[in-house]
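Listed in TrEMBL for this protein:
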type     : residues        : note
DOMAIN   : 7-430           : domain 'Enolpyruvate transferase'
BINDING  : K22, N23        : phosphoenolpyruvate binding site
BINDING  : R92, D307, V329 : UDP-N-acetyl-alpha-D-glucosamine binding site
MOD_RES  : C116            : 2-(S-cysteinyl)pyruvic acid O-phosphothioketal
ACT_SITE : C116            : active site, proton donor
Amino acid sequence: MDKLIITGGNPLKGEIAVAGAKNVALKILVASLLTDEELVIHNVPQISDVQFMLEVLTELGVQSTVEGNTIRVVNKHKTDAKVPLEVGSRLRTSSMVMGPLLARYGRATTPNPGGCRLGARPIDRHIDALKDMGADITYNSNDGYFYGHTEGLHGATIHFEKNTHTGTETLILAAVLAKGQTILENAAEEVEIDDLIACLNKMGANIKRTDPRTIVIDGVSALHGAEYSIIPDRNEEITFAIAAAMTKGDVTVKNSQREHLAAFLEAFKNAGGTYEPVDGTTTRYCCGGSIHPTDIVTSQYPGFMTDWQAPWAVFMTQATGVSTIHETVFESRFSYVSELKKMGAHIEFFDPDVPHPDTFYNFNWADRVEGSHQAIRITGPTALHNAVLEITDLRAVATLVLAALVAPGESIIHGVGQVDRGYERIEERLRTLGATIERVKEE
Ligand code: EPU
């Protein structure tokens with residue numbers, strides 16, 4: 001795995017284009033299993049998670065051609081194919097193939113999924129809902145596989161007790177070819193889901209979001225090929241916005257999606273950041289004055305996303321006063337704190353008083369690791385200093401890149417494979433903004 005060497009302290013300035021959304025690309029690739037015709041997907045980010053998903057699909061018989069940011073995929077299904085554990089376990093979304101495989105072939109053998117280590121991250125909500133549609137699914141803890149079988153998926157009314165982003169998508173991918181109507185109640189609202197729906201409808205599906213948290217899917221007998229361009233990545237945009245503000249720079253972001261970033265933009269403004277719409281898809285981010293502390297509670301869309309809290313924490317190390325971040329979606333998403341402390345950040349853990357944690361938090365409260373905490377208190381401003389850093393979660397490693405960009409001196413970040421999972425050619429692109437950042441092979 002490579003490492004990044006960053007010499008911080010330069011204000012980032014210039015123009016940068018946001019790449020396509022990882023969390024759409026992966027799901028649309030899974031949708032290729034729903035047809036035998038070619039699916040042409042544009043604006044796919046060149047990241048390792050996409051590569052990993054193509055490896056999963058190759059195991060299932062999908063043929064792919066990658067030309068820059070366009071991927072062509074055709075499903076030549078292999079009967080009895082089974083994704084090897086080591087291939088499936090790299091990626092949480094590998095489990096999503098279960099829906100299309102059950103819908104089309106009546107059988108699915110899928111490995112227990114991997115992905116970023118953000119706590120237990122079970123897929124019980126996906127499995128229970130697929131069972132409601134007529135699937136018989138068992139997990140074999142000896143070999144780490146889910147074994148699914150069905151005589152035919154049928155429509156069902158599914159009420160998710162708690163929000164699940166990929167659970168909602170897994171059910172959509174299963175229901176498009178099921179017999180009859182499926183209604184997803186308390187379905188997740190993330191905009192990436194609507195982009196998947198738009199692509200599936202272009203392939204001949206019949207899916208409607210009838211109100212913000214209800215999705216109605218009328219099963220069709222077959223889907224056909226299509227050509228689709230995916231939306232830009234919201235998480236990249238907020239990373240560039242924070243980089244601009246923290247380094248006292250001035251960055252103009254192309255392919256901007258202000259309409260999907262309302263909660264972020266409000267917090268950014270409250271913190272003293274400035275954003276200026278240049279046109280419908282271009283936004284300028286900067287911050288000339290002092291940075292103010294904020295209190296953030298993460299939540300599902302349209303709230304402040306859990307993916308943004310790690311970069312936000314490093315931003316708040318530069319604020320004058322005490323900021324708090326309360327994580328409510330995942331039970332373990334503060335792995336970056338120990339690394340930021342190495343750079344001089346003043347961060348303490350605490351547990352907010354929550355009367356009914358089992359219903360308040362999005363994760364299963366019973367899965368919580370004893371002694372872990374759900375909130376942090378950051379006292380700033382801190383002149384961060386350089387350090388040697390290592391981390392294992394995608395958004396957290398992007399956070400350390402931000403911290404190193406603001407810290408004078410040379411920082412080294414190990415475990416860069418994590419950032420490659422979700423950010424396309426990050427060092428090359430940051431260099432165009434004036435960052436001093438280099439990738440070096442680990443000895
Ligand atoms: N959960 C369960 N059981 C389930 C499903 C979820 O307990 O069956 C728990 C999870 O463990 C978590 C909470 O419910 O604590 C919410 O999980 P959700 O299913 O909504 O999240 P996800 O689908 O696993 C996706 C994104 C994440 C993003 C979250 C929130 C993908 C591939 N991943 O995760 O993105 O943070 O939604 O929007 O779409 C990332 O891109 O780095 C990333 C982690």
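Yeah, the Cβs are placed from backbone N, Cα and C, and that goes for glycine too.
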Least Cβ-crowded entry, counting other Cβ within 10 Å, from the binding-site residues listed as K22, R92:
R92
What Cα-Cα separation, expressed in whole Å, is found between K22 (phosphoenolpyruvate binding site) and R92 (UDP-N-acetyl-alpha-D-glucosamine binding site)?
12
Please give the average pLDDT for the domain 'Enolpyruvate transferase' (7-430) in this predicted model.
94
Let me check the 10 A CB neighbour count of D307 (UDP-N-acetyl-alpha-D-glucosamine binding site). How many other CB atoms are there?
23
Among N23, V329, all listed as binding-site residues, which has the most CB atoms within 10 Å of its CB?
N23
How many Å lie between the Cα of D307 (UDP-N-acetyl-alpha-D-glucosamine binding site) and the Cα of N23 (phosphoenolpyruvate binding site)?
12
